[in-house]
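The structure appears right after this line, and notes come after that.
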Amino acid sequence: SITKERTEVIIQGTSSEDPKDPAAVWEEYDFKCKPGDMRRRPCFISPYHYRLDWLMWFAAFQTYEQNEWIIHLAGKLLAQEESALSLLATNPFAGRAAP
């Protein structure tokens, strides 16, 4: 065991015109090997790690100011850049307007 609490960064987007609207539906971007859904079988790729997923685990222990790359990643996801989306397991906005 590394820690007693499970802290993780979750990146979500919404198609809502007003993201502050309580009725806005937020959809989560799924990563290939980052812990997420507790019902999903853990990813096992030995001896390698998916680097982005690994960095997300460490980022959960710090602030976004200490991990500026998260802001850049979010910008690339908002722009639906293929290079960034290819690092993810799923894009909840595939075939739809950008979040």
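Glycine too: its Cβ is placed from the backbone N, Cα and C atoms.
Annotations in TrEMBL come from automatic prediction, not curation.
As recorded in TrEMBL:
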| type | residues | note |
| --- | --- | --- |
| DOMAIN | 2-97 | domain 'Lipase maturation factor 1/2 C-terminal' |
| REGION | 1-21 | region 'Disordered' |
Inquiry  = Mean pLDDT for the domain 'Lipase maturation factor 1/2 C-terminal' (2-97), rounded to an integer?
reply    = 88
Note = Its residues classified by DSSP, the region 'Disordered' (1-21) shows 0 helix, 3 strand, 18 coil
